């Protein structure tokens, strides 16, 4: 697999490690908690790996999110600079590659991973990742992992851990991967395992890339591999408050490729930047900026300046839209059902022409204080009631942001999709009901799954009589200058962004006119 470290020494090649150590068996939950307490008291002597392992355990056993747990752990341990960067690489890399690492560990250990104690398994994953994907010395990777196991109250599993990892060091990483992947007969499942994705996610990507039943898109491997590449931080300059060019100069970043307001940062904490502290800019993927721009660029005759963000939390798109609205004399109503996310929207839009309402976007008439705009617009003309512009950034599986959420691919399941699709359709119907004739709705997801994207839009459009407009016409640059056709799916006028094509998250959006 591309990115795996090659190894010149290959003695011992494919010998399995089938140790008789008692440390591989899964333990009770009470015993596991004792392990955690033991580690916190003593540690392994390696501060960086102690932090990494603590986060891995929290993700595995407590359902923590790495993008939240890791920064907290780094601050608590006072790790900065190269140490923090190394800890981030080990944490995110181990979590992203978990599926493939588990297959390799099971192959070498001679037993399925569900027969390995959870604490030991997390340690093996961390050690295997270092051996296979980093330049960490093999001896250091093995020894530090064994010490982690001992420090977690699993001294009896030290020999098992040592044996499995030393077996890995005797075999080139590419050979280890080829061996487990080679046993899979289905081409799509092979691509999924090689890039460490669940097969159902690879199947969804394949369909979104235009492959029919029984076909494999030539882009699929590249699309999957892009999820395993650390993304740049994207900043969004707030329209009317600072330009993208000014933001790049102030932050030392690089201007974005697609959005005139985007700036890329390769390192550093964006929260410490003055423009972010002052509310002149925010952290926002460039794809999200394009969705907000689509709402603003769509043609609306006699726009009366009443706009709605139907699913506004945590507030990044709302703030972007409202910054534009402030210069255009418009106002934005923002709806968010979850109280703490509604607070985030209020914080993000402080000083902007936004009113935040807590409630269910599927039933706007039941939200206290929210009034659908009436016939008199800002020009006083008699018009049908409804908003001029509505954004539906619908809750979704989040398959388009897997590169930013390393554990997410292992927590989602195909069973999540039907319930989300039902919610998405209800929200889009509600948005269209709240839109005046001639107004526009932008429907977006951070997922390329066809069931959540084109199928939702086409079914609701057919049901309601809404017109699906050509979203690609709003961004001709996306398909210009040799870019592969990125705006259409089965000739429908949608925009599907991809990390491997555009450097953004895999955002989808469509424009509908009532």
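Heads up, the Cβ atoms here are built off N, Cα and C, so glycines get one too.
Curation plays no part in TrEMBL annotations; they are all automatic predictions.
Cβ neighbour count for residue 446 (active site, nucleophile) (all protein chains, 10 Å cutoff from its Cβ): 25. Positions annotated as active site, nucleophile by TrEMBL: 446.
Non-local neighbourhood of residue 315 (S-adenosyl-L-methionine binding site): 334, 341, 344, 345, 346, 347, 348, 349, each in the same chain, at least six residues away, with C-beta under 8 Å from its C-beta. Sequence annotations record features per position, and here TrEMBL assigns S-adenosyl-L-methionine binding site to 311, 312, 313, 314, 315, 316, 317, 336, 360, 393.
The compositional bias 'Basic and acidic residues' feature in TrEMBL is assigned to 31-44.
Annotation source TrEMBL lists domain 'SAM-dependent MTase RsmB/NOP-type' at 209-514.
Under the heading region 'Disordered', TrEMBL lists 1-44.
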What whole-number Å value do you get for the CA-CA distance of residue 313 (S-adenosyl-L-methionine binding site) and residue 446 (active site, nucleophile)?
14
How many other Cβ atoms sit within 10 Å of the Cβ of residue 311 (S-adenosyl-L-methionine binding site)?
23
Among the binding-site residues listed here, 313, 317, 360, which has the most company in the form of other Cβ atoms within 10 Å of its Cβ?
317
For residue 446 (active site, nucleophile) and residue 317 (S-adenosyl-L-methionine binding site), what Cα-Cα distance in Å is obtained after rounding to a whole number?
13
